[in-house]
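According to TrEMBL, the features are:
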{"type": "ACT_SITE", "residues": "Glu349", "note": "active site, proton acceptor"}
{"type": "DOMAIN", "residues": "40-239", "note": "domain 'Aminopeptidase N-like N-terminal'"}
{"type": "SIGNAL", "residues": "1-19", "note": "signal peptide"}
{"type": "SITE", "residues": "Tyr434", "note": "site 'Transition state stabilizer'"}
Amino acid sequence: MRSVATITLLAAFIAGLGASTLGQSKQSYTSYRLPQAFRPEHYDLRVYTHLGDDRGFLFHGHVVIRMLCDSDAMNITLHSKNLTLLEDKIVLRELAIDDQSKTSRNVDIKSVEYLTDNDYAVFHTSTPMKKSYRYELTIPFEAPLGTGLLGYYRSSYMDKASKQKIWLSVTQFEPTSARQAFPCFDEPEMKATFDIALAHHERYVALSNMPMNRSEKLADMPGWVLDVFGRTVPMSTYLVAYSVNDFEYREAMTKEPGDVLFKIWARRDAIDQVDYARAIGPRVTRFYEEYFDQKFPLPKIDMIAVPDFASGAMENWGLITYRETALLYHPNVSTASSKHRVASVIAHELAHQWFGNLVTMRWWTDLWLNEGFATYVASLGVEHLHPEWNSLEEESVSNSLDILKFDALLSSHPVSVEIGHPNQISQIFDAISYEKGSTLIRMMHLFLGEETFRNGVSRYLEKHAYGNAEQDDLWAALTEEAHANGVLPDEINVKKVMDSWTLQTGYPVITVTRNYDDNSATATQVRFVSSELPADRNVTDYCWWIPLTYASANRADFNDTAPKAWMDCEGIQGRKGNAKTVEDLPDREHWVVFNVQMAALYKVKYDLANYRLIVAQLNGPKYDAIAVLNRAQLIDDAMDLAWTGQQQYGIAFAMMNYLRQEDEYIPWKSALTNLNAINRILRRTPIYAVFRSYVQYIVEPIYERLDIFNATLVPNDRLDTVKKLALIASWACRFDVGDCVDRSVQLFGQWMKVTDPETSNPVPLNLRPVVYCNAIRNGNEVQWNFLWQRYLRSNVGSEKIMIIGALSCTREAWLVERFLDWSLNGTSGVRKQDTTILFASVSRSEVGFHLAKNFFLERVIDIFDYLSPDTSRLSRYIKPLAEQMSSVKELEEVRDLIQRNATVFEKATQGVKQALETIEINKQWKQINYDQMIRFLPMSTARSASDDILNLIDNSP
């Protein structure tokens, strides 16, 4: 569900649509939004699930919808997709208004109309339905129980004891798939309560949002039971969930007064992997109850690990569904990064129980409020769970670095984005909604302060509990607190500031030009973009309210993130790149660094004299006088400014030379992320050997210092320490630094010789991805087949994903071809949910790129058919290819493929646009920067490199 998409308004929202639907015909449905004549109040849903019995795989049942009529109407319009409605058994009743003893009356349904473009079922009546009356519509339905990972679908696993395939069923309704399970008003604003009953064979258990009230035997279906669940709180249809399975569960290990009942469900062969989830689930829930000042409103939370699941997890209220890799953790098999992912995803989904479930966006335009807020608050939750990990900084920087690349594309989109066709909704579950949303919430948290932020959020949740809200409602609550606390001056409100970040695409770059005569600086802003702008667009047509923070050599307080000044957008006509004068800066001997702790989403470009001061500080013995997050920021900004041709690469290379003495993970992640983008383009050019020498030069000292293959890690080690070891090992092996490759091959060889490789593995746990990959890269079919057997026999989801990545490292072309074929073969052992991971891994490998590209070009129809119905995931095929393309020929190949298969890419339009733009950017990069690589890379490995490079830039025309 996190595929990338462009958002274009396919159909205008019709003002007042549904104010009256009298006589409404097929031709009058000009919007993809439901008419407003009816509002649901309650659903009574009963579902019978057949899991491969004598009736095959199907579900059937009925739904009874009680609704209030808000305007006179001649029809009722619901969502229904891929369902067979038993029209002769549909019943509509008009209910009494006040006199409860008055008998209700039947209303004749003269016809049922299906509008497939809108996913509508329209029930036309013979007589008008009246405003303020309540109606009750009973609809029997049935449908196949498919394997498409959307709606109500089936999954399976192989039971080790019986060697049998075991089936289960589960739902995935967000954003618009509840309509594939039962007829409903499938829009987030149309909240209602639900009574759910699930019928199934007695060998299974049933789960739903609420606890089970009772289980009854079905007299007319021997061996079957009907499980009846409690009534839900008012909620949106996309949060309804149910499952029929034979799983086992473990309850939470710790209980405190007021705790909800926590159960973690998994297939019985994986039940030993739930202990970590059941330990942290209640703890992070208590943290949120205190943080939001709102108790969790349901009596229980079930969390279930589903073998086949398209997204990472889904926050269904009271029944949270997860991919196995996002919920299960095995201490002897899973890496520290896998443990962090489990903690982060659990914290994310539990944050949704308040932000998304209790208060829900009015429409998908504000999806970012759900996802961005949950992503940010999850990082606070993980920090609460594991302060020893030091993960908050790393996660904040990771989100910022990711989005600074993504949002520099012209094909990006605003955080708050209009939605037309339902196809578009799944495409905005992307980095903008998650990472940019999170980064903006963090920025707001930092400029408002802890007290104002928490109190404002609590105020918002209390006011809108069990209802719907828009971003303006959150801004109002936070402004009220900010003005009461004096955090913001009266003339500034949160809406004014945040609308500039959420309603515009992109982010700014601030140019800071110091005046060394009066110790001031002038700051100007324009939009930062990676591409050349078309003639009708200008980077100065944008303006952001920017909280300015800075530190200097003589006042190096990198903990103060309160704004020292604001760049505002008041009174600007025409050109919006207004200038701000910043005074009271240090003299010409001292550097200044803006955007303390990367507190806001902007890049900074300095004058050359200030760059010289920064480079001198970094390359001296006290490089850590500049805070670690800002060291990462300085590298990222300099590299991105050079990437787009806004300044020379020499500045970035002069700055990065200091990495030979850097020991912190975050600056290394920033540097190597940027160098990897260059690597992808240069590795098919004549100067790649020079680039390899440069990487070896900067990586070799830290590789030697860390003594990676002899390092001993303890459970309480900082997470960034573990990630640093894995990152440096990966680059050292890839670029033949030291003994990295030899040690990897040796360790893998030792593993191949043990008697039982499933239980005895000499490879250090957190180095396994690196060791496996390099052993496969330098091995042959023997090593590949050995690791493939480990994949087939592995019982841990995160290990299987790691092995897929390692198997993709092979240099044997025929093994790569076979692996790609297996990705579309459901019987090979690779699950459908993992096909995109396999393809991306192959496409990024040394040999795999050309093979993956040809595979995609030749078999795009097969891929489309295999992914259906969630074909938005085609974006995950085209993007890793586009990252490595930089020629006119490659651009034309991709463009031609897309034009010839327009319907195939219909649900991946945003990913397509971003891929094409990425290739254009790479082509542009080679044109403007290739010569700079020839010029600066050889200089960068000299002892006096930084000074020599800056002198060269200083003397350039």
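Positions of Cβ are set from backbone N, Cα and C atoms, glycine also.
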Query raised in the report: Relative to the Cβ position of Tyr434 (site 'Transition state stabilizer'), how many further Cβ atoms are located within 10 Å?
Result: 23
Query raised in the report: Hey, how far is the residue listed as 'active site, proton acceptor' from Tyr434 (site 'Transition state stabilizer'), Cα to Cα, in Å?
Result: 13
Query - Cβ neighbours of Glu349 (active site, proton acceptor) where a neighbour is any other Cβ within 10 Å - result: 27
Query - Arithmetic mean of per-residue pLDDT over the domain 'Aminopeptidase N-like N-terminal' (40-239) - result: 95
